[in-house]
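*Asks:* One structure is given below, represented as structure tokens, and several questions about it will come after.
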């Protein structure tokens, strides 16, 4: 009974992981598509996402995360067993952490640019761009918000891969040679 329950739990965990590996793929593609098409022209001139270095970084980061999502999804689907080896668990943990930080920096960069675009900064002569380029700002905001949703997915993946990796280790030995079992409440 315990083995069937454990196997069912592992299968459910794998399905949950697959969901969080496919979701950021769709979100990254959506964020990239919105930003790549983002441009607006008016009497003040033309504005394109590529005119803003931080938005280019956002597109690149979403592209890298989308590629990683495809590869990690394929790796998860094509894996022969439910359990990961030590090496694979470490690799997934490190890559999940790295991509989480990558998309975090891209999202924060986008948020900062949007704050400057909406609020301006008179000390550095940055005017409120969104007053004149409303459509551009709305599309950029949508892309940044979707990128932040990608961040949440990658945070969950980081937690899952950390749990998968560190649950492979024994509990530490404490006083008098007794093991501490943290799995019981």
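Each Cβ is built from the backbone N, Cα and C atoms, and glycine gets one as well.
These numbers come from a predicted model, not from an experiment.
The feature topological domain 'Cytoplasmic' is assigned by Swiss-Prot to 1-15, 79-90, 163-185. Summarising the annotation, Swiss-Prot assigns topological domain 'Extracellular' to 37-57, 112-141. Here Swiss-Prot flags 16-36, 58-78, 91-111, 142-162 as transmembrane segment, drawing on sequence analysis.
Explain the structural surroundings of these features, please.
*Replies:* For the topological domain 'Extracellular' (37-57), the DSSP counts in helix, strand and coil order read 8 helix, 8 strand, 5 coil.
The topological domain 'Extracellular' (112-141) scores a mean pLDDT of 91 in the predicted structure.
Residues 49, 55, 58-59, 62-63, 65-66, 69-70, 72-73, 76-77, 139-140, 142-144, 146-147, 149-150, 153-154, 156-157, 160 of the same chain lie 6 or more positions beyond the ends of the transmembrane segment (16-36) yet place their CB under 8 Å from a CB of it.
Proximity of distant same-chain residues to the transmembrane segment (142-162), defined by a Cβ-Cβ separation under 8 Å and at least 6 residues beyond the stretch ends, is recorded for 13, 16-17, 20-21, 23-24, 27-28, 30-32, 34-35, 38, 55, 58, 61-62, 65, 89, 92-93, 96-97, 99-100, 103-104, 106-107, 110-111, 114.
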*Asks:* What does DSSP give as the helix, strand and coil breakdown of the topological domain 'Extracellular' (112-141)?
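*Replies:* The breakdown for the topological domain 'Extracellular' (112-141) reads 22 helix, 2 strand, 6 coil.
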*Asks:* Taking a Cβ cut-off under 8 Å, which residues six or more beyond the ends of the transmembrane segment (58-78) line up next to it in the same chain?
*Replies:* 14, 17-18, 21-22, 24-25, 28-29, 31-32, 35-36, 49, 92, 95-96, 99, 102-103, 105-107, 109-110, 143-144, 147, 150, 154
*Asks:* Can you name the far-off residues of the same chain, 6+ from the ends of the topological domain 'Extracellular' (112-141), with a Cβ under 8 Å from a Cβ of it?
*Replies:* 34-35, 37-40, 42, 44, 47, 49, 52, 54-55
*Asks:* Which sequence positions outside the topological domain 'Extracellular' (37-57), separated from its termini by at least 6 residues, show Cβ-Cβ distances below 8 Å to it?
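*Replies:* Answer is 105-106, 109-110, 112-113, 129, 132-133, 135-136, 139-140, 143.
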